[in-house]
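A.B. asks: Here you go, one structure.
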Amino acid sequence: MSPKTETKASVGFKAGVKDYRLTYYTPEYQTKDTDILAAFRVTPQPGVPPEEAGAAVAAESSTGTWTTVWTDGLTSLDRYKGRCYDIEPVPGEESQFIAYVAYPLDLFEEGSVTNLFTSIVGNVFGFKALRALRLEDLRIPPAYSKTFQGPPHGIQVERDKLNKYGRPLLGCTIKPKLGLSAKNYGRAVYECLRGGLDFTKDDENVNSQPFMRWRDRFVFCAEAIYKAQAETGEIKGHYLNATAGTCEEMMKRAVFARELGVPIVMHDYLTGGFTANTSLAHYCRDNGLLLHIHRAMHAVIDRQRIHGMHFRVLAKALRMSGGDHIHAGTVVGKLEGERDVTLGFVDLLRDDFIEKDRSRGIYFTQDWVSMPGVLPVASGGIHVWHMPALTEIFGDDSVLQFGGGTLGHPWGNAPGAVANRVALEACVQARNEGRDLAREGNEVIREASKWSPELAAACEVWKEIKFEFEAIDVL
(Lines of atoms letter the chains of each structure in order from A and count residues from 1; the text may use other names and numbers.)
(Lines give C-alpha, C1' and ligand atoms only; values in the text may rest on other atoms or scores of the structure.)
Protein backbone atom coordinates (compact mmCIF):
# COMPACT_ATOMS: atom_id res chain seq x y z
CA MET A 1 0.00 0.00 0.00
CA SER A 2 1.42 3.36 -0.97
CA PRO A 3 1.93 6.13 1.56
CA LYS A 4 -0.65 8.27 -0.30
CA THR A 5 -3.29 5.57 -0.01
CA GLU A 6 -2.56 5.18 3.67
CA THR A 7 -2.83 8.93 4.09
CA LYS A 8 -6.18 8.92 2.33
CA ALA A 9 -7.49 6.18 4.58
CA SER A 10 -6.12 7.88 7.65
CA VAL A 11 -8.09 11.09 7.00
CA GLY A 12 -11.44 9.35 7.00
CA PHE A 13 -12.14 7.55 3.74
CA LYS A 14 -14.64 4.79 4.32
CA ALA A 15 -15.96 2.64 1.51
CA GLY A 16 -19.69 2.16 1.24
CA VAL A 17 -22.92 4.00 0.47
CA LYS A 18 -24.23 7.05 2.31
CA ASP A 19 -27.28 9.28 1.95
CA TYR A 20 -26.95 11.95 -0.73
CA ARG A 21 -28.45 14.55 1.58
CA LEU A 22 -25.47 14.37 3.90
CA THR A 23 -23.33 15.96 1.18
CA TYR A 24 -25.61 17.53 -1.44
CA TYR A 25 -28.55 19.00 0.52
CA THR A 26 -27.34 22.39 1.77
CA PRO A 27 -30.27 24.66 2.72
CA GLU A 28 -27.85 27.17 4.22
CA TYR A 29 -26.12 27.76 0.85
CA GLN A 30 -26.25 31.30 -0.56
CA THR A 31 -26.34 31.18 -4.35
CA LYS A 32 -23.69 33.08 -6.31
CA ASP A 33 -24.21 35.36 -9.30
CA THR A 34 -22.10 32.95 -11.34
CA ASP A 35 -24.07 29.80 -10.42
CA ILE A 36 -26.29 28.07 -12.95
CA LEU A 37 -29.58 27.55 -11.11
CA ALA A 38 -32.11 24.83 -11.93
CA ALA A 39 -35.69 24.23 -10.79
CA PHE A 40 -36.64 20.54 -10.95
CA ARG A 41 -40.12 19.11 -10.40
CA VAL A 42 -39.30 15.99 -8.39
CA THR A 43 -41.65 13.05 -7.76
CA PRO A 44 -39.84 10.70 -5.34
CA GLN A 45 -40.55 7.00 -5.01
CA PRO A 46 -42.68 6.12 -1.95
CA GLY A 47 -40.56 6.29 1.18
CA VAL A 48 -37.89 8.58 -0.28
CA PRO A 49 -37.79 11.91 1.60
CA PRO A 50 -37.91 15.01 -0.64
CA GLU A 51 -34.56 16.20 0.77
CA GLU A 52 -32.92 12.94 -0.28
CA ALA A 53 -34.55 13.11 -3.72
CA GLY A 54 -33.42 16.71 -4.28
CA ALA A 55 -29.92 15.90 -3.08
CA ALA A 56 -29.81 12.87 -5.38
CA VAL A 57 -30.65 15.10 -8.34
CA ALA A 58 -27.89 17.54 -7.38
CA ALA A 59 -25.39 14.71 -6.93
CA GLU A 60 -26.15 12.66 -10.03
CA SER A 61 -26.19 15.74 -12.27
CA SER A 62 -22.83 16.98 -10.97
CA THR A 63 -20.05 15.15 -9.09
CA GLY A 64 -21.84 12.32 -7.29
CA THR A 65 -22.14 8.62 -7.93
CA TRP A 66 -23.91 5.77 -6.16
CA THR A 67 -21.09 4.97 -3.72
CA THR A 68 -18.25 6.71 -1.93
CA VAL A 69 -15.07 6.74 -4.00
CA TRP A 70 -11.56 7.36 -2.68
CA THR A 71 -10.72 9.71 -5.59
CA ASP A 72 -13.07 12.28 -4.02
CA GLY A 73 -10.03 13.12 -1.91
CA LEU A 74 -8.01 14.16 -4.94
CA THR A 75 -10.20 17.19 -5.67
CA SER A 76 -12.26 19.82 -3.87
CA LEU A 77 -15.76 18.39 -3.80
CA ASP A 78 -17.12 21.54 -2.16
CA ARG A 79 -15.91 23.57 -5.12
CA TYR A 80 -17.44 21.42 -7.85
CA LYS A 81 -20.54 19.73 -6.45
CA GLY A 82 -24.11 20.71 -7.24
CA ARG A 83 -26.15 21.74 -4.23
CA CYS A 84 -29.86 21.33 -3.55
CA TYR A 85 -30.41 24.55 -1.62
CA ASP A 86 -34.22 24.68 -1.38
CA ILE A 87 -37.25 22.40 -1.69
CA GLU A 88 -40.89 23.41 -1.81
CA PRO A 89 -44.06 21.35 -2.33
CA VAL A 90 -46.04 21.80 -5.56
CA PRO A 91 -49.44 23.26 -4.57
CA GLY A 92 -52.32 20.90 -5.29
CA GLU A 93 -50.08 17.96 -6.18
CA GLU A 94 -49.38 14.97 -3.97
CA SER A 95 -45.74 13.94 -3.51
CA GLN A 96 -44.39 16.51 -5.96
CA PHE A 97 -41.73 19.04 -5.03
CA ILE A 98 -39.71 21.79 -6.68
CA ALA A 99 -36.05 21.18 -5.90
CA TYR A 100 -33.71 24.11 -6.52
CA VAL A 101 -30.16 23.15 -7.45
CA ALA A 102 -27.12 25.41 -7.84
CA TYR A 103 -24.22 24.36 -10.08
CA PRO A 104 -20.79 26.01 -10.03
CA LEU A 105 -19.82 27.41 -13.40
CA ASP A 106 -16.63 25.36 -13.68
CA LEU A 107 -18.68 22.19 -14.23
CA PHE A 108 -19.53 23.23 -17.80
CA GLU A 109 -17.59 23.78 -21.01
CA GLU A 110 -17.85 27.31 -22.34
CA GLY A 111 -20.17 27.81 -25.31
CA SER A 112 -21.53 24.24 -25.27
CA VAL A 113 -25.24 23.55 -24.80
CA THR A 114 -24.37 19.93 -25.49
CA ASN A 115 -22.14 19.72 -22.42
CA LEU A 116 -24.60 21.70 -20.27
CA PHE A 117 -27.46 19.32 -21.06
CA THR A 118 -25.33 16.19 -20.77
CA SER A 119 -24.90 16.98 -17.09
CA ILE A 120 -28.14 18.64 -16.04
CA VAL A 121 -30.58 16.48 -18.02
CA GLY A 122 -28.44 13.37 -18.38
CA ASN A 123 -28.49 10.04 -16.54
CA VAL A 124 -30.21 11.56 -13.52
CA PHE A 125 -33.54 11.32 -15.37
CA GLY A 126 -33.37 7.53 -15.18
CA PHE A 127 -32.60 7.44 -11.46
CA LYS A 128 -34.59 4.69 -9.72
CA ALA A 129 -35.21 6.68 -6.53
CA LEU A 130 -37.39 9.05 -8.55
CA ARG A 131 -40.77 8.20 -10.05
CA ALA A 132 -40.47 11.22 -12.33
CA LEU A 133 -38.29 14.28 -12.86
CA ARG A 134 -38.87 17.42 -14.89
CA LEU A 135 -36.58 20.38 -15.43
CA GLU A 136 -38.87 23.41 -15.19
CA ASP A 137 -36.40 26.26 -15.62
CA LEU A 138 -32.73 27.27 -15.69
CA ARG A 139 -31.04 30.51 -14.68
CA ILE A 140 -28.13 31.12 -17.04
CA PRO A 141 -25.74 33.68 -15.50
CA PRO A 142 -24.18 36.33 -17.76
CA ALA A 143 -20.76 34.85 -16.98
CA TYR A 144 -21.86 31.73 -18.89
CA SER A 145 -24.21 33.19 -21.52
CA LYS A 146 -21.42 35.51 -22.70
CA THR A 147 -19.44 32.44 -23.81
CA PHE A 148 -22.09 31.84 -26.50
CA GLN A 149 -22.53 33.68 -29.79
CA GLY A 150 -26.30 33.29 -29.58
CA PRO A 151 -28.60 34.07 -32.54
CA PRO A 152 -26.75 34.73 -35.80
CA HIS A 153 -28.35 38.17 -36.20
CA GLY A 154 -31.32 38.90 -33.94
CA ILE A 155 -34.57 40.79 -34.32
CA GLN A 156 -33.36 44.28 -35.23
CA VAL A 157 -30.77 43.11 -37.75
CA GLU A 158 -33.38 40.88 -39.41
CA ARG A 159 -35.81 43.78 -39.76
CA ASP A 160 -33.06 45.89 -41.27
CA LYS A 161 -32.15 43.14 -43.73
CA LEU A 162 -35.79 42.75 -44.78
CA ASN A 163 -36.68 46.47 -44.54
CA LYS A 164 -39.92 45.55 -42.76
CA TYR A 165 -41.07 47.32 -39.61
CA GLY A 166 -44.12 47.91 -37.46
CA ARG A 167 -45.92 44.60 -37.95
CA PRO A 168 -45.52 40.85 -37.50
CA LEU A 169 -43.94 39.00 -40.41
CA LEU A 170 -46.10 36.60 -42.41
CA GLY A 171 -45.12 33.08 -43.40
CA CYS A 172 -46.51 29.86 -44.83
CA THR A 173 -45.40 26.24 -44.72
CA ILE A 174 -45.70 24.64 -48.14
CA LYS A 175 -48.19 21.76 -48.22
CA PRO A 176 -48.45 18.89 -48.83
CA LYS A 177 -45.33 18.61 -46.74
CA LEU A 178 -44.07 15.59 -48.70
CA GLY A 179 -44.56 14.39 -52.26
CA LEU A 180 -44.28 17.48 -54.46
CA SER A 181 -41.66 17.68 -57.20
CA ALA A 182 -39.10 20.46 -56.89
CA LYS A 183 -40.64 22.47 -59.73
CA ASN A 184 -44.19 22.28 -58.37
CA TYR A 185 -42.84 23.09 -54.93
CA GLY A 186 -41.14 26.20 -56.30
CA ARG A 187 -44.37 27.20 -58.01
CA ALA A 188 -46.24 27.11 -54.71
CA VAL A 189 -43.49 29.20 -53.10
CA TYR A 190 -43.74 31.82 -55.85
CA GLU A 191 -47.53 32.07 -55.64
CA CYS A 192 -47.50 32.56 -51.87
CA LEU A 193 -44.73 35.16 -51.92
CA ARG A 194 -46.32 37.04 -54.81
CA GLY A 195 -49.59 37.16 -52.88
CA GLY A 196 -48.05 39.13 -50.02
CA LEU A 197 -46.25 36.79 -47.65
CA ASP A 198 -42.77 37.61 -46.38
CA PHE A 199 -41.62 34.01 -46.08
CA THR A 200 -42.46 30.50 -47.13
CA LYS A 201 -41.07 27.45 -45.40
CA ASP A 202 -39.89 23.90 -45.93
CA ASP A 203 -41.70 21.56 -43.61
CA GLU A 204 -39.46 20.11 -40.94
CA ASN A 205 -39.32 16.66 -42.56
CA VAL A 206 -38.43 17.97 -46.01
CA ASN A 207 -34.73 17.16 -46.35
CA SER A 208 -33.58 15.34 -49.51
CA GLN A 209 -35.97 12.55 -50.43
CA PRO A 210 -36.27 10.63 -53.71
CA PHE A 211 -39.23 12.72 -54.92
CA MET A 212 -37.36 16.02 -54.35
CA ARG A 213 -33.62 16.24 -53.85
CA TRP A 214 -32.39 19.19 -51.84
CA ARG A 215 -30.35 20.85 -54.57
CA ASP A 216 -33.28 20.89 -57.00
CA ARG A 217 -35.55 22.34 -54.32
CA PHE A 218 -33.06 25.06 -53.44
CA VAL A 219 -32.71 26.13 -57.09
CA PHE A 220 -36.44 26.30 -57.82
CA CYS A 221 -37.16 28.10 -54.55
CA ALA A 222 -34.45 30.68 -55.25
CA GLU A 223 -35.99 31.29 -58.67
CA ALA A 224 -39.39 31.76 -57.00
CA ILE A 225 -37.95 34.22 -54.48
CA TYR A 226 -36.30 36.40 -57.12
CA LYS A 227 -39.38 36.42 -59.35
CA ALA A 228 -41.67 37.38 -56.46
CA GLN A 229 -39.28 40.11 -55.32
CA ALA A 230 -39.17 41.60 -58.81
CA GLU A 231 -42.96 41.70 -59.04
CA THR A 232 -43.74 43.00 -55.54
CA GLY A 233 -40.78 45.23 -54.74
CA GLU A 234 -40.49 43.53 -51.33
CA ILE A 235 -37.69 41.37 -49.95
CA LYS A 236 -38.81 37.75 -49.75
CA GLY A 237 -37.41 34.54 -48.30
CA HIS A 238 -37.95 30.80 -48.12
CA TYR A 239 -36.69 28.72 -45.20
CA LEU A 240 -34.47 26.23 -47.00
CA ASN A 241 -34.09 23.28 -44.64
CA ALA A 242 -30.40 22.44 -44.37
CA THR A 243 -30.96 19.63 -41.85
CA ALA A 244 -29.12 16.49 -42.96
CA GLY A 245 -27.78 13.16 -41.78
CA THR A 246 -24.28 14.53 -41.10
CA CYS A 247 -22.90 17.91 -40.11
CA GLU A 248 -20.78 17.95 -43.25
CA GLU A 249 -23.83 17.50 -45.47
CA MET A 250 -25.74 20.15 -43.52
CA MET A 251 -22.95 22.67 -44.06
CA LYS A 252 -22.78 21.79 -47.77
CA ARG A 253 -26.45 22.74 -48.08
CA ALA A 254 -25.97 25.99 -46.17
CA VAL A 255 -23.04 26.92 -48.41
CA PHE A 256 -25.14 26.30 -51.53
CA ALA A 257 -27.94 28.47 -50.12
CA ARG A 258 -25.45 31.28 -49.58
CA GLU A 259 -24.17 30.88 -53.15
CA LEU A 260 -27.74 31.23 -54.43
CA GLY A 261 -28.01 34.53 -52.55
CA VAL A 262 -31.12 33.63 -50.54
CA PRO A 263 -31.61 35.35 -47.17
CA ILE A 264 -32.46 32.47 -44.82
CA VAL A 265 -31.94 28.76 -44.11
CA MET A 266 -33.55 26.42 -41.62
CA HIS A 267 -32.58 23.71 -39.13
CA ASP A 268 -34.45 21.14 -37.01
CA TYR A 269 -32.44 21.82 -33.87
CA LEU A 270 -33.58 18.97 -31.64
CA THR A 271 -33.44 16.14 -34.16
CA GLY A 272 -30.30 17.66 -35.70
CA GLY A 273 -28.63 18.19 -32.34
CA PHE A 274 -27.16 21.17 -30.51
CA THR A 275 -23.62 20.67 -31.79
CA ALA A 276 -24.82 20.80 -35.39
CA ASN A 277 -27.11 23.73 -34.64
CA THR A 278 -24.37 25.82 -33.03
CA SER A 279 -22.03 25.13 -35.95
CA LEU A 280 -24.71 26.22 -38.42
CA ALA A 281 -25.50 29.35 -36.40
CA HIS A 282 -21.83 30.39 -36.47
CA TYR A 283 -21.73 29.88 -40.24
CA CYS A 284 -24.91 31.91 -40.69
CA ARG A 285 -23.53 34.89 -38.77
CA ASP A 286 -20.27 34.80 -40.69
CA ASN A 287 -22.08 34.64 -44.04
CA GLY A 288 -25.11 36.88 -43.58
CA LEU A 289 -27.76 34.15 -43.52
CA LEU A 290 -30.76 34.28 -41.20
CA LEU A 291 -31.51 31.01 -39.40
CA HIS A 292 -35.02 29.67 -38.88
CA ILE A 293 -35.37 26.94 -36.24
CA HIS A 294 -38.00 24.24 -36.10
CA ARG A 295 -38.58 22.37 -32.83
CA ALA A 296 -39.60 18.94 -34.18
CA MET A 297 -39.45 16.36 -31.35
CA HIS A 298 -39.99 18.94 -28.60
CA ALA A 299 -43.28 17.42 -27.41
CA VAL A 300 -41.54 14.10 -26.77
CA ILE A 301 -39.42 16.00 -24.25
CA ASP A 302 -41.70 18.70 -22.87
CA ARG A 303 -45.36 17.69 -23.03
CA GLN A 304 -45.66 15.58 -19.88
CA ARG A 305 -46.19 17.68 -16.76
CA ILE A 306 -44.12 15.55 -14.38
CA HIS A 307 -41.26 14.21 -16.49
CA GLY A 308 -38.92 15.64 -19.09
CA MET A 309 -38.06 19.27 -19.64
CA HIS A 310 -40.21 22.35 -20.10
CA PHE A 311 -40.02 24.15 -23.42
CA ARG A 312 -38.86 27.34 -21.70
CA VAL A 313 -35.58 25.49 -21.04
CA LEU A 314 -35.34 24.38 -24.66
CA ALA A 315 -36.05 27.98 -25.70
CA LYS A 316 -33.19 29.30 -23.54
CA ALA A 317 -30.91 26.61 -24.94
CA LEU A 318 -31.82 27.62 -28.48
CA ARG A 319 -31.13 31.28 -27.79
CA MET A 320 -27.64 30.32 -26.64
CA SER A 321 -27.01 27.77 -29.40
CA GLY A 322 -28.25 30.16 -32.08
CA GLY A 323 -31.36 30.82 -34.15
CA ASP A 324 -33.20 33.89 -35.43
CA HIS A 325 -36.69 32.31 -35.40
CA ILE A 326 -38.15 29.42 -33.43
CA HIS A 327 -41.61 27.87 -33.37
CA ALA A 328 -43.29 28.71 -30.08
CA GLY A 329 -46.90 27.51 -30.31
CA THR A 330 -49.95 29.63 -31.10
CA VAL A 331 -52.20 29.63 -27.99
CA VAL A 332 -55.19 29.63 -30.38
CA GLY A 333 -54.30 26.97 -32.99
CA LYS A 334 -54.10 23.18 -33.13
CA LEU A 335 -50.91 22.71 -31.09
CA GLU A 336 -50.33 22.70 -27.33
CA GLY A 337 -49.77 26.06 -25.63
CA GLU A 338 -51.43 27.80 -22.66
CA ARG A 339 -51.38 31.60 -22.91
CA ASP A 340 -49.48 32.69 -19.80
CA VAL A 341 -46.96 29.86 -20.12
CA THR A 342 -46.41 30.60 -23.81
CA LEU A 343 -45.96 34.33 -23.26
CA GLY A 344 -43.48 33.54 -20.50
CA PHE A 345 -41.07 31.74 -22.78
CA VAL A 346 -41.78 34.14 -25.66
CA ASP A 347 -40.39 36.91 -23.43
CA LEU A 348 -37.40 34.69 -22.59
CA LEU A 349 -36.73 34.46 -26.33
CA ARG A 350 -37.14 38.14 -27.20
CA ASP A 351 -36.30 40.32 -24.22
CA ASP A 352 -32.95 41.28 -22.68
CA PHE A 353 -34.10 41.09 -19.05
CA ILE A 354 -36.96 38.98 -17.71
CA GLU A 355 -38.09 39.15 -14.10
CA LYS A 356 -39.00 36.09 -12.08
CA ASP A 357 -42.76 35.53 -12.44
CA ARG A 358 -44.17 32.24 -11.21
CA SER A 359 -47.60 33.12 -12.63
CA ARG A 360 -46.03 32.67 -16.08
CA GLY A 361 -43.81 29.76 -15.12
CA ILE A 362 -40.61 31.82 -14.87
CA TYR A 363 -38.72 30.55 -11.82
CA PHE A 364 -35.67 32.80 -12.09
CA THR A 365 -34.83 36.32 -13.19
CA GLN A 366 -32.91 36.00 -16.47
CA ASP A 367 -30.44 38.62 -17.71
CA TRP A 368 -29.31 38.01 -21.29
CA VAL A 369 -27.11 41.13 -21.25
CA SER A 370 -26.45 41.93 -24.93
CA MET A 371 -27.37 38.59 -26.53
CA PRO A 372 -29.66 39.15 -29.57
CA GLY A 373 -33.28 38.07 -29.34
CA VAL A 374 -35.18 35.38 -31.24
CA LEU A 375 -38.45 35.91 -33.13
CA PRO A 376 -41.18 33.52 -31.92
CA VAL A 377 -43.06 31.78 -34.73
CA ALA A 378 -46.78 31.07 -34.29
CA SER A 379 -47.67 28.14 -36.53
CA GLY A 380 -50.12 25.26 -36.52
CA GLY A 381 -53.85 25.25 -37.31
CA ILE A 382 -54.26 29.02 -37.63
CA HIS A 383 -56.33 30.98 -40.17
CA VAL A 384 -57.63 34.51 -40.83
CA TRP A 385 -60.12 34.48 -37.95
CA HIS A 386 -57.16 33.96 -35.58
CA MET A 387 -55.31 37.03 -36.90
CA PRO A 388 -56.62 39.54 -34.32
CA ALA A 389 -55.78 37.26 -31.40
CA LEU A 390 -52.33 36.43 -32.80
CA THR A 391 -51.54 40.11 -33.39
CA GLU A 392 -52.65 40.97 -29.86
CA ILE A 393 -50.88 38.03 -28.17
CA PHE A 394 -47.53 38.04 -29.99
CA GLY A 395 -47.14 41.70 -30.99
CA ASP A 396 -44.97 43.00 -33.81
CA ASP A 397 -41.81 41.00 -33.11
CA SER A 398 -43.12 37.65 -34.29
CA VAL A 399 -43.71 35.53 -37.38
CA LEU A 400 -47.29 34.38 -38.01
CA GLN A 401 -47.19 31.30 -40.19
CA PHE A 402 -50.25 29.97 -42.00
CA GLY A 403 -49.79 26.72 -43.93
CA GLY A 404 -53.22 25.24 -44.49
CA GLY A 405 -54.58 28.71 -43.74
CA THR A 406 -52.93 29.92 -46.96
CA LEU A 407 -52.80 26.92 -49.28
CA GLY A 408 -56.31 25.82 -48.30
CA HIS A 409 -57.92 28.93 -49.76
CA PRO A 410 -60.66 27.95 -52.24
CA TRP A 411 -59.19 30.15 -54.97
CA GLY A 412 -55.59 29.00 -54.67
CA ASN A 413 -52.27 29.87 -53.09
CA ALA A 414 -51.85 33.52 -54.10
CA PRO A 415 -55.39 34.51 -53.02
CA GLY A 416 -54.75 32.69 -49.73
CA ALA A 417 -51.66 34.82 -49.20
CA VAL A 418 -53.60 37.97 -50.12
CA ALA A 419 -56.28 37.11 -47.55
CA ASN A 420 -53.72 36.74 -44.79
CA ARG A 421 -51.85 39.93 -45.69
CA VAL A 422 -55.10 41.94 -45.81
CA ALA A 423 -56.21 40.50 -42.47
CA LEU A 424 -52.85 41.32 -40.88
CA GLU A 425 -52.72 44.87 -42.22
CA ALA A 426 -56.30 45.45 -41.03
CA CYS A 427 -55.47 44.20 -37.53
CA VAL A 428 -52.30 46.29 -37.28
CA GLN A 429 -54.15 49.41 -38.44
CA ALA A 430 -57.00 48.80 -36.00
CA ARG A 431 -54.54 48.30 -33.14
CA ASN A 432 -52.66 51.46 -34.06
CA GLU A 433 -55.95 53.36 -34.04
CA GLY A 434 -56.55 52.23 -30.47
CA ARG A 435 -59.14 49.53 -31.08
CA ASP A 436 -59.25 46.51 -28.77
CA LEU A 437 -58.41 43.48 -30.92
CA ALA A 438 -59.36 41.04 -28.16
CA ARG A 439 -62.90 42.44 -28.14
CA GLU A 440 -63.35 43.82 -31.66
CA GLY A 441 -61.18 41.43 -33.65
CA ASN A 442 -63.95 39.64 -35.52
CA GLU A 443 -65.51 42.96 -36.49
CA VAL A 444 -62.14 44.19 -37.82
CA ILE A 445 -61.89 41.10 -40.04
CA ARG A 446 -65.49 41.47 -41.27
CA GLU A 447 -64.92 45.12 -42.18
CA ALA A 448 -61.77 44.27 -44.14
CA SER A 449 -63.51 41.40 -45.95
CA LYS A 450 -66.02 43.85 -47.45
CA TRP A 451 -63.35 45.26 -49.78
CA SER A 452 -61.20 42.12 -50.13
CA PRO A 453 -62.96 39.25 -51.90
CA GLU A 454 -59.98 36.99 -51.13
CA LEU A 455 -60.41 37.61 -47.40
CA ALA A 456 -64.18 37.19 -47.64
CA ALA A 457 -63.74 33.77 -49.24
CA ALA A 458 -61.25 32.73 -46.55
CA CYS A 459 -63.60 33.90 -43.80
CA GLU A 460 -66.38 31.77 -45.21
CA VAL A 461 -64.24 28.63 -45.48
CA TRP A 462 -62.83 28.73 -41.94
CA LYS A 463 -65.67 30.32 -39.98
CA GLU A 464 -66.50 27.07 -38.14
CA ILE A 465 -62.98 25.75 -37.55
CA LYS A 466 -61.94 25.64 -33.89
CA PHE A 467 -59.50 23.61 -31.81
CA GLU A 468 -61.12 23.63 -28.39
CA PHE A 469 -59.09 21.26 -26.23
CA GLU A 470 -57.68 22.07 -22.83
CA ALA A 471 -53.93 22.60 -22.69
CA ILE A 472 -52.00 19.89 -20.85
CA ASP A 473 -49.12 22.14 -19.79
CA VAL A 474 -50.80 24.57 -17.39
CA LEU A 475 -49.54 26.27 -14.25
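For all residues, glycine too, the Cβ spot is worked out from N, Cα and C.
Pasting the relevant annotations from Swiss-Prot:
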- Lys175: active site, proton acceptor (ACT_SITE)
- His294: active site, proton acceptor (ACT_SITE)
- Asn123, Thr173, Lys177, Arg295, His327, Ser379: substrate binding site (BINDING)
- Lys201, Asp203, Glu204: Mg(2+) binding site (BINDING)
- Pro3: N-acetylproline (MOD_RES)
- Lys14: N6,N6,N6-trimethyllysine (MOD_RES)
- Lys201: N6-carboxylysine (MOD_RES)
- Lys334: site 'Transition state stabilizer' (SITE)
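Tell me about the setting of these features in this model.
C.D. replies: The Cβ neighbour count for Lys175 (active site, proton acceptor), using a 10 Å radius over every protein chain in view, is 16.
The number of other Cβ atoms within 10 Å of the Cβ belonging to His294 (active site, proton acceptor), over all protein chains shown, comes to 28.
Less than 8 angstroms from the CB of His327 (substrate binding site) sit Ile293, His294, Arg295, Pro376, Val377, Ser379, Gly380, each of them six or more residues away in the same chain.
According to DSSP, Asp203 (Mg(2+) binding site) sits in a coil region rather than a helix or strand.
Long-range Cβ proximity for Lys201 (Mg(2+) binding site), meaning a same-chain Cβ under 8 A and a gap of 6 or more residues, is found for Gly171, Cys172, Thr173, Ile174, His238, Tyr239, Met266, His292, Gln401, Gly403.
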A.B. asks: For Lys175 (active site, proton acceptor), which of the listed binding-site residues (Asn123, Asp203, Glu204) have their CA atom within 10 A of its CA?
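C.D. replies: Cα within 10 Å of Lys175 (active site, proton acceptor): Asp203.
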A.B. asks: Mind computing the max CA-CA distance among Asn123, Thr173, Lys177, Arg295, His327, Ser379, which the record assigns to substrate binding, rounded to whole Å?
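C.D. replies: Output for substrate binders Asn123, Thr173, Lys177, Arg295, His327, Ser379: max Cα distance 37 Å.
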A.B. asks: For the binding-site residues listed here (Lys177, Arg295), tell me which residue's CB has the most neighbouring CB atoms inside 10 Å.
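C.D. replies: Top count of Cβ atoms within 10 Å goes to Arg295.
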A.B. asks: In which DSSP state, out of helix, strand and coil, do we find Lys175 (active site, proton acceptor)?
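C.D. replies: DSSP assigns Lys175 (active site, proton acceptor) to coil.
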A.B. asks: Which one, from the binding-site residues Asn123, Thr173, Ser379, has the smallest tally of other C-beta atoms lying within 10 Å of its C-beta?
C.D. replies: Asn123
